[in-house]
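Positions annotated as site 'Important for substrate specificity' by Swiss-Prot, on the basis of sequence analysis: Arg13, Thr71, Gln153. The active site, proton acceptor annotation in Swiss-Prot covers Asp70.
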Amino acid sequence: MIPPVILASQSPRRRELLEKTGIPFSIIVRDTEELKEASMPPQELCLHNAAAKAEAVFREHPDSTVIGADTLVFLEGFPLGKPEDEEEARSMLRKLSGRTHHVCTAVAIRSPLGMKNLAVLTEVTFRELTEKDIRHYMELVDVMDKAGSYAFQEHGEMIISSVRGDTDNVIGLPVRDVMKCLNGLGYRA
């Protein structure tokens, strides 16, 4: 019998993306300490955080397949996580203005059927933003719970000029790659 799937994330965006697969799942989240070390390579940092989330839930539910994920925005190798306040959010958007950065989403899958890890990088380029553009964007979008202070799926056309790679990855879960891993463990949608 295929174990039940648990998404170890409270992100509504990850829930919506995983729902697209057709695989039934529940959501269980445990608090974990997220690293924000700028000295670690982006994929390694994201994988560490994703694994911590998956393993915290898997310890309590060892008969389930647990999916943990972590998304970070990196500008010139420096991580931009979720802002602490609105001024930090404005500062992040100013830094990203007119520049290309990377979004890394790492996924850790823990299951009695096996263990999988993956990290996907997507390149995102911002338009040149004025202070008025930044203010208007922040009025429309709750930037406080978003890595890099923006959401691709929420008025992204206002601030983003191009994306090279998986747009689902920018939103928070590289669905195609996750499905390949789940298929490898025997899951079918």
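Including glycine, each Cβ sits where the backbone N, Cα and C put it.
Locations of recorded Swiss-Prot features on the structure.
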residue: Arg13; record: site 'Important for substrate specificity'; DSSP (3 states): helix
residue: Asp70; record: active site, proton acceptor; DSSP (3 states): strand
residue: Gln153; record: site 'Important for substrate specificity'; DSSP (3 states): coil
Using only C-alpha positions, which one of Asp70, Thr71, Gln153 is spatially nearest Arg13 (site 'Important for substrate specificity')? These are the recorded positions in the record.
Gln153
Under 8 Å Cβ to Cβ from Thr71 (site 'Important for substrate specificity'), same chain, six or more residues apart: give me those in sequence order, or none if nothing qualifies.
Cys46, Val103, Cys104, Thr105, Ala106, Ala147, Asn169, Gly172
Packing count at Asp70 (active site, proton acceptor) (other Cβ atoms within 10 Å of its Cβ):
27
Applying a 10 Å Cβ distance cut-off over all chains shown, what neighbour count does Arg13 (site 'Important for substrate specificity') have?
20
Including all protein chains shown, what's the count of other C-beta atoms within 10 A of the C-beta of Gln153 (site 'Important for substrate specificity')?
14
Determine, to the nearest whole angstrom, how far the Cα atom of Asp70 (active site, proton acceptor) is from the Cα atom of Gln153 (site 'Important for substrate specificity').
17
